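Feature annotation from TrEMBL assigns signal peptide to 1-17. According to TrEMBL, the feature domain 'Peptidase S53' maps to 225-590. Look at TrEMBL and you will find Glu299, Asp303, Ser509 tagged as active site, charge relay system. The Ca(2+) binding site annotation in TrEMBL covers Asp551, Ile552, Gly570, Asp572.
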Amino acid sequence: MLWLSTFVLVLVQLSAAKPLAGKRWDDVAVKHAWVEPPRGWELHSTPPEDHLFDMRIALKQNKLDELISSLFEVSDPTHARYGKHLSKEEVDALVAPHPDSVEAVEAWLEHHGINPADAEFRSAGGEWITIRVSIAQAERMLNTKYGVYHHAASDSYVVRTMEYSLPAELHSHVDVVTPTTYFSTLRSMRATSFVLPQTSSLVGDAESFAADISPLAVPASCGSTVTPACLRAMYNTTSYVPKATATNKLGVAGYLAEFANDADLQTFFQKFRTDAVGGTFSHVQVNGGQNSQTNPGIEANLDIQYTEAISFPTPNIYYSTGGSPPFNQDSNTPTNTNEPYLDWLNFILNQTTIPQTFTTSYGDDEQTVPQDYATTVCNMFAQLGARGSSIMFSSGDSGVGGGDCLTNDGTNRKIFQPAFPASCPFVTTVGGTTRVPEVAVSFSGGGFSRYFAQPSYQAASVAPFLKNLGTKFSGLFNATGRAYPDVSAAANGFQVVIGGRTTSVGGTSASSPTVAGVVALLNDFLISEGKPPLGFLNPLIYSTAKTGFNDITSGSNPGCGQTGFTAGAGWDPVTGLGTPDFLRLQALVG
Ligand SMILES: *[C@@H]1O[C@H](CO)[C@@H](O)[C@H](O)[C@H]1NC(C)=O
Ligand SMILES: *[C@@H]1O[C@H](CO)[C@@H](O)[C@H](O)[C@H]1NC(C)=O
Ligand SMILES: *[C@@H]1O[C@H](CO)[C@@H](O)[C@H](O)[C@H]1NC(C)=O
């Protein structure tokens, strides 16, 4: 008996004293691997071994479940915590890693000769560690080979890998390591084919564009030539005058070296919203983002002109997130790793005060984003929501999928192609309509995620659609996945000033800023009444605020060689719950 307990004691001491350096770092397991390089990318060359870059390690968030349940509670209009959004410090505490995770990752870094104290960056919660490494060092750490990959369509080069591994014991401590297998085919959701040179007859008639249009008599011309007056009438914002402009803000996240132009906004106001002439927006540059006023971007101008058109005089901010300089073979200086969502999210989550409304008109095909990466980014949007921001994303411009819609898992099956971040359950995804009265626009992105499960807030709304659909398209989409879009807005024929000239632009890129403008006005109303802003919208809009939307009941979104889904009564994966009616929503949320 005595023997036995002594023996146990010795064993306990031995294991407690086991030095960290003795951990088995050579027992590695694959973290993520591609079967083939993402479509459009090809291996170009081998990067120099001494090329330096910043490796980011996302440590597992210890209280992620609590963050997500807090997000749902503060966003659920029937919950006692509704509107009690979290502070930056509260969110940082929930996303902090467990001390064991920090210890394990730091021991692994030390094993590779990296002093954790030399980290380039640590997020306030400690869940991100960025370290500067050489290619050779990264290849040893991740048991991989990096390559320089070329994307012909955009003529861009990135340093990435087809797969990476981590020591088995780190898998429970690390969510994702980047840059590795996310190649970013990030594209603007503005359908370039819808950019048409404006005819002079439409440009000349400034007076009629600037004039208010009665919501009771929205002219049919608004269905093809969309101006601020059209949208303000269609969505009933014309009569609302913002009051909380000292507190309320609207943010536009821009990528791919797109810059919003100050002079074009003035021209736009002179033509289409004369009461706003002189109104401005702020430029914030993130991680090497630029602001070249000589090079106006179509997407950037569309976004800022239409958020301003609806929300003026609410302060608007355009965030220009760097993606350049591109990889330079001959340079040993660390290059930007070109992972725009992470750069922007890490920047914005580090701010104490953030805009109450955001819009982003960019996305990738979900299958081109590694699932570990997509999950990490999606959870970062949950942080923004928990802090009280509403996040709008365009649903995409390819209906149920563009191109051949083949899977990239080696089986080459044809399936509908959901878009990310549109498919993230913690954002509000915006599809498109056209004409007056509105019908679904055929390119409106919509469908079901293959990564994210259907969140409970939309279960009751999505079920009737699926029941009606029966077995149609079975095998082509994932009926248990997060369904989108959530809502929609006009998407065709937006009059945008670019380089001084008015151009007609379309895409769900136009719909997302439109809905963001309406949401910013709702936030203005709530804040001016001394109430909290709306925050994460989905639990609200699928329940008590459902009747604040105009149900769009015709049209469809073909793609992948299929007829696509059909809009009908209630929620559908073409137009979601419908288009916003500000006055009705104001009464419902007030
Ligand atoms: C909003 O405008 C539409 C016309 O676009 C109109 O039918 C509707 O009644 C308006 N809603 C309210 C609450 O006035
Ligand atoms: C985060 O914010 C703090 C305080 O404003 C600042 O000192 C720090 O540099 C910021 N970090 C990043 C990466 O922006
Ligand atoms: C469908 O979505 C679920 C999440 O609800 C996911 O776990 C599953 O892998 C998906 N299946 C397919 C075939 O995409």
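Here the Cβ of each residue, glycine as well, is placed from N, Cα and C on the backbone.
Note: TrEMBL annotation is automatic and uncurated.
Structural mapping of features recorded in TrEMBL.
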residue : record                           : Cβ within 10 Å
Glu299  : active site, charge relay system : 28
Asp303  : active site, charge relay system : 30
Ser509  : active site, charge relay system : 30
Asp551  : Ca(2+) binding site              : 18
Ile552  : Ca(2+) binding site              : 27
Gly570  : Ca(2+) binding site              : 17
Asp572  : Ca(2+) binding site              : 31
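Comparing Glu299 (active site, charge relay system) with Ser509 (active site, charge relay system), their Cα atoms are 7 Å apart once rounded. Calculated from their C-alpha atoms, the gap between Ser509 (active site, charge relay system) and Asp303 (active site, charge relay system) amounts to 7 Å. Across the structure, Asp572 (Ca(2+) binding site) and Asp303 (active site, charge relay system) place their CA atoms 25 angstrom apart. Taking the centroid of the Cβ atoms of Asp551, Ile552, Gly570, Asp572 as the Ca(2+) site, the other same-chain residues with Cβ within 8 Å of it are Thr553, Ala567, Gly568, Ala569, Trp571, Thr575, Gly576, Leu577, Gly578. Here the Cα atom of Ile552 (Ca(2+) binding site) is found 23 Å from that of Asp303 (active site, charge relay system). The CA atom of Asp303 (active site, charge relay system) is located 24 Å away from the CA atom of Asp551 (Ca(2+) binding site).
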